[in-house]
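**Student:** Supplied in structure tokens, the structure appears directly below.
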Ligand SMILES: Nc1ncnc2c1ncn2[C@@H]1O[C@H](COP(=O)(O)OP(=O)(O)OP(=O)(O)O)[C@@H](O)[C@H]1O
């Protein structure tokens, strides 16, 4: 067994990353780190009785991305491992949420991993961040002015499902392993692009620090990050205890008692804000120190009114309490053209996944259509008064209103449930109904699957 595999096995044990018999989704971009991770986990598969799955997310931001997805797909096939792929409307999402392409890609990618883990009943998602990533990330965040949470860098595990078995292994050790084992990988040219601050940290700042200040600067940064991470974890536990005492969660809202908060030291209070936001589903990736400071200024009375938080949440001061809550965006009717397979972002935070598979393998809650008959373009739209569908075995057409009622859909669900139309005729509603002639005849037939989820 190679040195690297033994080292990772020790880390898996030390940080309790995996238990025997777990079902693991390996996030493989096709780059050197994730290909090494895949091989390390393959080597430990038998001993740890792991069930491995491979997932790849095609961000569609570079023209080579399809090739990379195919590389990972073929590799999974060669290894005989299940492979799950999604393609992403990253640009659209970034524009809509007013965030960078990098941040949008990250958010959608992590959401995809979580969704796949849930759908396939997997307990862990293994990511291939390594020690050099950790050092670079810490420096980068320092430059950008992060708080303590940022300086803790990249955690070795998060949220009970994400694990990073290679986090304490250097890029050099990984390269050495790949070469000795003859493992192929694809290079991501954007890793060299000096327009990205992260790449300038990797290619300019770290070598400069190594040359002129400290040969082992990466090791030092790693050590600092691990120490801060331990302290962060401790602070997190304390904050949760305090939240139990002084806070109350209510569906999409969190209430914090002002009297409870002012008796807590500022450093802990900041962490309490963060834990409260996490509890109601605010995307923590996007919460900046400035948001936390704004919340603090609500408490001290320096700011009044609503403070906008990421993901459509607000914070405001009410008598005797701070309130964090989701502001409901009004539901919008929609009509979109579906021109091919992929992911589509519809209004009202609906994500649509359109793909081909064998009819027998399609999930039950999706619309599964005969691929030949349901050719593109299709229209996906929201409900209109008088909508009807021609169902098998019925002489006339059935009102959608009746179908909604039979499935006990709420008023809001009825307004935005996606309805699929071809040539002016309704051909189905995911999970609810399919028009006559559009259902595949047998399980082996090629089917077009339309699945959707509300964010
Ligand atoms: N397109 C992808 N498909 C599948 N997994 C990916 C993809 N991109 C990244 N990953 C996984 O995430 C790890 C980190 O990737 P990378 O360093 O590019 O991301 P990052 O943006 O720097 O970090 P983070 O994921 O924390 O935002 C990879 O080693 C791999 O395990």
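Cβ coordinates are placed from backbone N, Cα and C, and glycine is handled just like the others.
Take a look at what TrEMBL says about it:
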| type | residues | note |
| --- | --- | --- |
| BINDING | 29, 30, 31, 32, 33, 34 | ATP binding site |
| DOMAIN | 378-450 | domain 'Lysidine-tRNA(Ile) synthetase C-terminal' |
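How buried are the listed features, and what sits near them?
**Tutor:** The Cβ of residue 33 (ATP binding site) lies under 8 Å from the Cβ of 128, 129, 130, 133, 166, 171, 174, each of these being in the same chain and 6 or more residues away along the sequence.
When pLDDT is averaged over the domain 'Lysidine-tRNA(Ile) synthetase C-terminal' (378-450), the result is 91.
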**Student:** List, in residue order, those binding-site residues out of 29, 32, 33 with a Cβ under 6 Å from any atom belonging to ligand 1.
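**Tutor:** Only 29, 33 meet the Cβ criterion.
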**Student:** List the residues of the same chain that sit at least 6 positions away from residue 32 (ATP binding site) in sequence and have their Cβ under 8 Å from its Cβ, in sequence order, or write 'none'.
**Tutor:** 171, 174, 175, 178, 185, 187
**Student:** Write out, in the order they occur in the sequence, the residues of the chain not among 29, 30, 31, 32, 33, 34 that have a C-beta within 8 Å of the mean position of the C-beta atoms of the recorded ATP site.
**Tutor:** 28, 35, 36, 128, 185, 186, 188
**Student:** Suppose we draw a 10 Å sphere around the Cβ of residue 29 (ATP binding site). How many other Cβ atoms does it contain, all chains included?
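**Tutor:** So the Cβ neighbour count for residue 29 (ATP binding site) comes to 24.
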**Student:** Other Cβ atoms within 10 Å is the metric here; tell me which of the binding-site residues 30, 31 scores highest.
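**Tutor:** Ranked by Cβ atoms within 10 Å, first place goes to 30.
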